[in-house]
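Undergrad: Quick one: the structure is below, questions incoming.
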């Protein structure tokens, strides 16, 4: 899809923000076909103009962005990019919108005239392009507030069937949060996994994401702060703005470190960094799972995991909102299994079964 081929609707109750966002997109050649000041008029604009992508504010009078996102998914399915305030309640509302089917989110531009505004514009435009290319049909399950345990196809197994001290690294980006949540919710505690989650997400949101995963999973999930040692039954989420490195391994416990090294694949945290350091350090069963997302992050890392004797599972195209990261991983030739979203847990568990 060329820049000129992308049509956008901008929904925000602030005229100032509508102007800022519209100007950013217009400058990049993305056509803003309509703007709206509340959710109801936003839904109508989407119905009328049939855009490729919607940028959606959350807090608006009348119909808010969460309800509007749900209505759009029900009535005229269109990729939605949530523009979220950087605050605790903003993070929670953002995840509620993603439950309704929003593909991704972006921290709302401050609107301040500063040297950082150009970088904000570049990041917003990249997000809009990514979301515009998303397959909304692949994310429709998210709009039903996934009750994954009720619909899980995960095969029942006994604890004695699993290998000892397995480690799982999950990497995802666009469209990933609800898929990660479903995957973790379907992994039994009996598997005794040590889990690292690298989701492309800014600081201020990864902590809330970890809390959601903790509530959805049998595993104890927290945001990495650096220096932790985790064992079986525990999971860490990479903190936004930091790479998550595996810096040591002993007695079945992982030690992790956060670094502010340069972005890799234009992102930080990068899946490749975690996978490559895990491949170097983990002396035990290691599995990588590459989920929906734009770009090639994780492709180099899965080669390292495979070379170290580990296993690789990737999400299939049909259920990926953006089949970028899984496709690039598959193209390396080292992926052992490709599974749809509701079979990813089974795919992971198959890699840690005793022979």
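Yeah, the Cβs are placed from backbone N, Cα and C, and that goes for glycine too.
Below are the features I grabbed from Swiss-Prot:
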type     : residues : note
DOMAIN   : 7-123    : domain 'Response regulatory'
MOD_RES  : 57       : 4-aspartylphosphate
REGION   : 139-159  : region 'Disordered'
DOMAIN   : 161-355  : domain 'CheB-type methylesterase'
ACT_SITE : 173      : active site
ACT_SITE : 200      : active site
ACT_SITE : 297      : active site
Undergrad: Using a 10 Å cut-off, grab the number of neighbouring Cβ atoms around the Cβ of residue 200 (active site), all chains included.
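TA: Its Cβ shell of radius 10 Å holds 25 other Cβ atoms.
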Undergrad: Which residues, sitting 6 or more apart from residue 297 (active site) on the same chain, put a CB under 8 Å from its CB?
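TA: Expected: 171, 173, 200, 264, 265, 267, 270, 271, 272, 325.
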Undergrad: Mind checking how the domain 'Response regulatory' (7-123) divides into helix, strand and coil residues in DSSP?
TA: 54 helix, 24 strand, 39 coil
Undergrad: Along the domain 'CheB-type methylesterase' (161-355), what average pLDDT does this model show?
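TA: The answer is 97, the mean pLDDT of the model over that range.
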Undergrad: Across all the protein chains here, work out how many other Cβ atoms are within 10 Å of the Cβ of residue 173 (active site).
TA: 27
Undergrad: When you measure from the Cβ of residue 57 (4-aspartylphosphate), which residues in the chain that are at least 6 apart have a Cβ under 8 Å away?
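TA: The answer is 11, 12, 13, 14, 17, 65, 83, 108.
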